[in-house]
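*Asks:* Okay, here's the structure, questions in a sec.
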Amino acid sequence: MAYIIAFLCSILISVSSPTIALSSNYYDKTCPNVESIVTNAVKSASLKDKTVPAALLRMHFHDCFIRVMMTYIMLLNSTANNKAEKDGPPNVSLHACPGVVSCADILAFAARDAVVISGGPTWDVPKGRNDGRTSNTSETIQLPAPTFNISQLQHSFSLRGLSIEDLVALSGGQTIGFSHCSSFQNRIQNFNATYNTDPSMNPSFAASLKSVCPIKNRAKNAGVTMDPSSTTFDNTYYKLILQGKSLFSSDQALLTIPKTKDLVSKFASSTNSMIKMSSLTGGQEIRKDCRVVN
């Protein structure tokens with residue numbers, strides 16, 4: 001089975017700071033055991049809570065897209081005058097060798113380990129990112145929305161130096177995790193003036209979503225898993241798109257132009273997109289505590 005690379009951030013070296021170069025051996029002398037420390041922590045947390053891998057993957061993706069990986073801003077606490085990104089609508093700490101290993105690199109390791117634990121591939125994470133000092137909940141609007149069409153998706157990814165191939169590959173991260181009704185409600189109720197439900201959706205699938213997400217009397221945290229194998233990193237996401245059983249408008253949008261439609265149909269295993277997105281850099285410090293700036 002082809003394992004498709006997902007929501008991560010590993011190779012645009014120095015997009016925002018050309019003088020910063022990442023390397024695979026960055027911590028060999030200063031903190032040689034950092035990756036095993038992170039791996040053990042992720043494994044331990046995942047045994048207690050099966051939703052941890054999906055959460056780590058989403059967090060890494062969000063951190064990469066906001067402020068172009070001004071990194072590990074997701075864990076900064078809110079203050080009296082500023083609501084941090086981790087408290088923003090799209091977002092729901094671990095540290096090793098404080099002051100030596102950046103929180104951004106730790107999150108990149110953890111996201112990679114989350115994919116591996118879920119049955120996906122491994123890859124070498126380029127190291128040497130700095131941590132950012134700014135975190136604003138308002139900036140979560142920079143994330144690709146589930147309602148985006150293909151033009152909006154291409155624009156959002158291209159701003160970060162990511163190609164159409166990267167867009168389709170990284171979208172595969174939606175094979176694990178959970179979605180609230182609000183992210184796909186637009187497709188199952190009042191779709192447009194002609195159709196109440198998105199006609200591209202499989203009718204039985206749409207009916208099942210409506211039963212979970214009725215217009216009225218919906219539970220606060222109502223929603224569905226991303227796919228039936230929601231804790232396994234596999235290519236089910238792509239199969240469901242072709243069957244008309246994808247959740248988001250942005251998923252269905254991948255079938256609207258020949259290039260992305262072909263990639264959805266034929267995507268094979270590759271770690272290039274993972275590495276590419278994860279190397280966005282541009283922070284200013286190595287934080288001692290991931291929740292506060294130095």
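Numbering starts at 1 and runs along the chain as it is shown here.
Glycine is treated like the rest: Cβ placed from N, Cα and C.
Feature table excerpt (TrEMBL):
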BINDING   PRO144  substrate binding site
DISULFID  CYS31-CYS97  disulfide bond
DISULFID  CYS103-CYS290  disulfide bond
DISULFID  CYS181-CYS213  disulfide bond
DOMAIN    21-294  domain 'Plant heme peroxidase family profile'
SITE      ARG58  site 'Transition state stabilizer'
*Asks:* Distance check, please: Cα of CYS31 (disulfide bond) against Cα of PRO144 (substrate binding site), rounded to an integer number of angstrom.
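*Replies:* Cα-Cα, rounded: 35 Å.
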*Asks:* Can you grab the distance from CYS181 (disulfide bond) over to CYS97 (disulfide bond)? Cα atoms, rounded to a whole Å.
*Replies:* 40
*Asks:* Counting across all protein chains present, how many other Cβ atoms fall within 10 Å of the Cβ of CYS103 (disulfide bond)?
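*Replies:* Around the Cβ of CYS103 (disulfide bond), 31 other Cβ atoms lie within 10 Å.
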*Asks:* Return only the integer: C-alpha distance in Å from ARG58 (site 'Transition state stabilizer') to CYS97 (disulfide bond).
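*Replies:* It is 24 Å, counting Cα to Cα.
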*Asks:* Can you count the other CB atoms that lie within 10 A of the CB of CYS213 (disulfide bond)?
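*Replies:* Summing over all protein chains shown, CYS213 (disulfide bond) has 20 other Cβ atoms within 10 Å.
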*Asks:* Mean pLDDT over the domain 'Plant heme peroxidase family profile' (21-294): what is the value?
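*Replies:* Taking every residue of the domain 'Plant heme peroxidase family profile' (21-294) together, the mean pLDDT is 78.
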*Asks:* For each of the disulfide-bonded residues (CYS31, CYS97, CYS181), count the other CB atoms lying within 10 A of its CB, then report the residue with the highest count.
*Replies:* CYS181
